[in-house]
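Under the heading 1D-myo-inositol 3-phosphate binding site, Swiss-Prot lists HIS9, ASP20, SER21, GLY22, GLY23, MET24, ASN25, LYS78, TYR110, THR134, ARG154. The annotation UDP-N-acetyl-alpha-D-glucosamine binding site is assigned in Swiss-Prot to GLN15, PRO16, GLY23, ARG231, LYS236, ARG294, GLU316, GLU324. According to Swiss-Prot, the feature Mg(2+) binding site maps to TYR303, ARG304, ALA306, THR330.
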Amino acid sequence: MRVAMISMHTSPLQQPGTGDSGGMNVYILSTATELAKQGIEVDIYTRATRPSQGEIVRVAENLRVINIAAGPYEGLSKEELPTQLAAFTGGMLSFTRREKVTYDLIHSHYWLSGQVGWLLRDLWRIPLIHTAHTLAAVKNSYRDDSDTPESEARRICEQQLVDNADVLAVNTQEEMQDLMHHYDADPDRISVVSPGADVELYSPGNDRATERSRRELGIPLHTKVVAFVGRLQPFKGPQVLIKAVAALFDRDPDRNLRVIICGGPSGPNATPDTYRHMAEELGVEKRIRFLDPRPPSELVAVYRAADIVAVPSFNESFGLVAMEAQASGTPVIAARVGGLPIAVAEGETGLLVDGHSPHAWADALATLLDDDETRIRMGEDAVEHARTFSWAATAAQLSSLYNDAIANENVDGETHHG
C-alpha cells in the first residue's frame with residue numbers, strides 16, 4: 001500500500017512548539033513512522049519554506065517528506081496560505097507525473113490540506129481520509145476573548161470536507177460529537193483513532209535523571225516546579241497559568257515555586273514578550289522562566305524537572321503534551337475540554353479544572369503542590385496510564401482504516417465542489 005499524506009501548512013519535520021508546529025506535527029510524523037515500519041509506503045507532502053530544502057527528504061525506509069514549492073518561501077502567514085492551494089496542488093500533480101508515482105489512498109491533515117486532498121481524490125479516484133485536528137466552530141466556541149475568531153471561510157471549507165471525505169478520522173468520541181453537532185457529520189463515516197505517545201522516549205527516569213534535569217534548567221532541587229509546554233498563543237492558555245500563579249503568590253508570598261513556560265510565538269495575537277510583560281505587571285516575573293521550544297530529546301528533561309504540568313488550553317482534540325508529561329512520570333492539571341478528559345485520568349493521574357478562572361486554577365495547583373503523597377502517587381499512576389497509548393497502536397488502527405477504505409472504494413469523481 002502507498003499513501004499520500006498531506007500537511008500543506010506545516011512540515012512534520014519542523015520543531016514543535018513554535019509557529020504553526022505543534023501536536024499535529026508530532027502526530028503525523030509519529031504515525032507515518034509506525035506505518036512505514038509496517039511496510040506501508042508513505043509520502044508526506046508539505047509546502048517548502050526554504051530554498052535550501054531538498055525536494056525529497058528520506059526520513060526512513062518507506063517514509064519520505066516531499067517539499068512542494070508553492071508561493072514565496074517566507075512571508076506568508078497561515079491565514080494567507082489559501083491563496084497557494086492551487087499552486088500546491090499543481091506542484092503535487094507535477095511531482096507525481098514526473099516521478100511516475102501513484103497512490104492507493106490520500107490522508108489529509110487540517111482543512112487546508114483537506115481542500116487539496118479533496119481535489120486529488122476526485123482526479124486520482126482513490127479514497128480520501130481526512131483528519132481535522134482542530135475545527136473552526138469548536139475553536140470559536142471556546143476561544144479566549146483576546147484571541148481572533150476563526151473565519152467563516154474556514155468553516156465553509158471544513159463543512160465541504162465533512163460532506164465529501166470518504167472517512168473522517170477523529171481522536172476521540174468528543175471530537176466525533178463535535179463534528180456531528182457543528183457540521184451535521186454522518187456518524188457512519190467517522191472513525192475514532194486514538195493518538196499515542198512515545199513511551200520509550202518520554203519515561204520517568206530515576207531520581208538522578210530528575211536531579212540532572214533540574215541542574216540543566218538551573219532550578220534548585222527542593223523548589224516546586226510547574227511547567228507549561230506549547231505554543232505561546234491565547235488558545236493554549238499560558239495567560240491562565242500566569243494569572244493563577246500570581247493568585248498563588250498573593251495568597252502566600254513565600255511559596256517556594258518556580259514556573260517554566262516552554263514554547264515559541266504562534267499567530268498574530270501574542271509573543272513571548274506579551275507573556276513576560278503580563279508576568280511583570282502581576283509581579284511574578286522572577287518566578288517564571290521562559291524557554292525556547294525544545295526537540296523531544298531535550299523536552300523530556302522539562303517534563304521530568306516539573307512536579308506538575310499545566311495544560312490550560314481552551315480546547316484540545318486530544319492533548320499530546322498531557323500524555324507526554326504523564327509518560328515522563330509527571331501528573332497533569334488540565335482544562336476539562338475536548339479530549340483532555342480522556343488523556344488525563346481525573347483523580348488518578350492528575351486533575352481537571354472547569355473553566356479558566358485564575359482562582360480555580362490556583363486552587364487546583366495548590367491542591368497538588370501541597371500534597372506530596374498524592375502528587376507522587378499520581379505521577380506513578382500517570383506512567384502506567386500513558387503506556388496504554390502508543391503510536392504503534394495508533395498506526396495499527398490507521399492501517400485497518402486504510403484497508404477498509406480501499407476495500408470499500410467507491411470514488412466516482414462526481415462530488416460537488418460548489
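Note: Cβ is positioned from N, Cα and C throughout, glycine not excepted.
Please situate the listed features within the shown structure.
Other Cβ atoms within 10 Å of the Cβ of TYR110 (1D-myo-inositol 3-phosphate binding site), summed over all protein chains shown, number 23.
The DSSP secondary structure for GLU324 (UDP-N-acetyl-alpha-D-glucosamine binding site) is helix.
The local packing around ALA306 (Mg(2+) binding site), expressed as other Cβ atoms within 10 Å of its Cβ over all shown chains, amounts to 31.
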On a C-alpha basis, identify the one among SER21, TYR110, ARG154, ARG294, GLU316 that is nearest to TYR303 (Mg(2+) binding site); the candidates are the binding-site residues.
ARG294
Sort the binding-site residues TYR110, ARG231, ARG294, GLU324 by C-alpha distance from ALA306 (Mg(2+) binding site) and give me just the closest.
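Out of the listed candidates, the nearest Cα belongs to GLU324.
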Cβ atoms within 10 Å, counted per site: which of SER21, THR330 has the most, among these binding-site residues?
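Its Cβ has the most other Cβ atoms within 10 Å: THR330.
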Since the record lists HIS9, ARG154, ARG231, ARG294, ARG304 as binding-site residues, which of them has the fewest other Cβ atoms within 10 Å of its Cβ?
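Checked HIS9, ARG154, ARG231, ARG294, ARG304; of these binding-site residues, fewest Cβ neighbours within 10 Å: ARG294.
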